[in-house]
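Below is one structure, written out as structure tokens; comments come after it.
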Amino acid sequence: MAQAKMQHPVSWVIFAGMAALLLFQGVPVRSGDATFPKAMDNVTVRQGESATLRCSVDNRVTRVAWLNRSSILYAGNDKWCLDPRVVLLANTKTQYSIQIHDVDVYDEGPYTCSVQTDNHPKTSRVHLIVQVSPKITETSSDISINEGGNVSLTCIATGRPDPTITWRHISPKAVGFISEDEYLEITGITREQSGEYECSASNDVAAPVVQRVKVTVNYPPYISDAKSTGVPVGQKGILMCEASAVPSADFQWYKDDKRLAEGQKGLKVENKAFFSRLTFFNVSEQDYGNYTCVASNQLGNTNASMILYEETTTALTPWKGPGAVHDGNSGAWRRGSCAWLLALPLAQLARQF
């Protein structure tokens with residue numbers, strides 16, 4: 001801290017010089033010395049807060065000062081430093097205190113309360129500890145890698161005390177932390193390990209800070225669903241082909257080694273990220289047969305075969321049970337009314353009563 005250039009009484013200058021000399025020579029006051037007033041223990045504050053340094057005195061003290069290392073901050077009521085953040089808080093018969101506002105890391109270190117009593121200057125020291133919230137200063141960029149490759153992720157953070165860094169995989173299947181280090185190494189990465197990885201830095205000074213890195217794992221297509229389908233002639237038919245791949249697969253359809261093009265009469269090919277749909281609007285005899293779905297990306301290709309076959313409808317057998325009525329005009333049988341069958345037994349029951 002800068003020193004103020006001002007005139008001070010000679011006695012103060014001599015006292016301050018002796019205090020600085022004692023400080024430089026490392027002359028401490030014993031903790032068990034009950035005859036000498038003591039400064040407080042270590043003071044811990046967070047960056048940006050105010051630190052109060054207190055020194056207990058009594059009526060035997062004739063002069064008192066606060067020093068930071070070899071720089072005099074206050075001597076009595078006189079301010080010796082130019083730092084506007086340092087103010088005198090109390091100068092009484094029992095206490096001599098200063099306060100430092102908006103504390104920063106460079107304020108950390110030893111502070112000394114120096115007193116003059118019985119013509120002998122003595123000192124008592126307090127250490128100011130400045131805590132700093134964690135801050136992530138460097139992380140890996142999002143990465144894209146082929147399945148089976150090795151991945152190294154970095155997360156560098158600062159803070160006081162030094163923050164603890166942890167890595168975890170943001171995935172429903174992930175359990176707990178996968179690393180408690182600045183570096184996360186993944187050997188032979190699989191497609192299940194793709195997704196976001198979160199770096200967290202914490203030191204209990206403030207809430208943890210987090211940053212995420214996206215890891216994309218590329219792999220060749222894998223067809224997960226391709227089923228044969230039966231459709232009657234003249235009906236609408238659909239063949240589906242589902243495939244997983246990163247990057248997304250391109251789909252192609254073939255019938256008997258002949259590629260089917262989009263817009264071909266009576267057909268529609270609809271390709272999405274993870275599936276392809278081949279639609280027949282009016283199935284004919286010529287449409288039946290073997291079809292092949294081919295899924296491909298930069299890493300490879302795969303195919304699956306399926307059959308579009310004719311599905312025949314089974315005619316319902318005409319009803320010829322009790323109450324069936326034959327239509328003489330059409331020759332068809334239909335279910336007739338059964339009311340006349342119930343009339344006779346009901347009439348017989350009525351006569352008995």
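Any Cβ shown, glycine's included, is placed from N, Cα and C.
The record in Swiss-Prot pairs C199 in a disulfide bond with C155, which is drawn from C113, C155. Of the cysteines C241, C338, only one is given by Swiss-Prot as the disulfide partner of C293: C241. For C113, the cysteine that Swiss-Prot lists as its disulphide partner among C55, C81 is C55. N282 (N-linked glycosylation site): 11 other CB atoms within 10 A of its CB, across all protein chains. Broken down by DSSP into helix, strand and coil, the domain 'Ig-like C2-type 2' (134-216) contains 3 helix, 48 strand, 32 coil. Rounded to a whole number, the distance between the Cα atoms of N68 (N-linked glycosylation site) and N282 (N-linked glycosylation site) is 93 Å. N303 (N-linked glycosylation site) and N68 (N-linked glycosylation site) are 78 Å apart (CA-CA, integer value). Cβ environment of N290 (N-linked glycosylation site): K255, D256, S305, M306, I307 lie under 8 Å away, each six or more residues apart in the same chain.
Taking every protein chain shown into account, N42, N68, N150, N303 are the glycosylation sites, and of these the Cβ with the most other Cβ atoms within 10 Å belongs to N68. Mapped onto three states, the DSSP output places N290 (N-linked glycosylation site) in strand.
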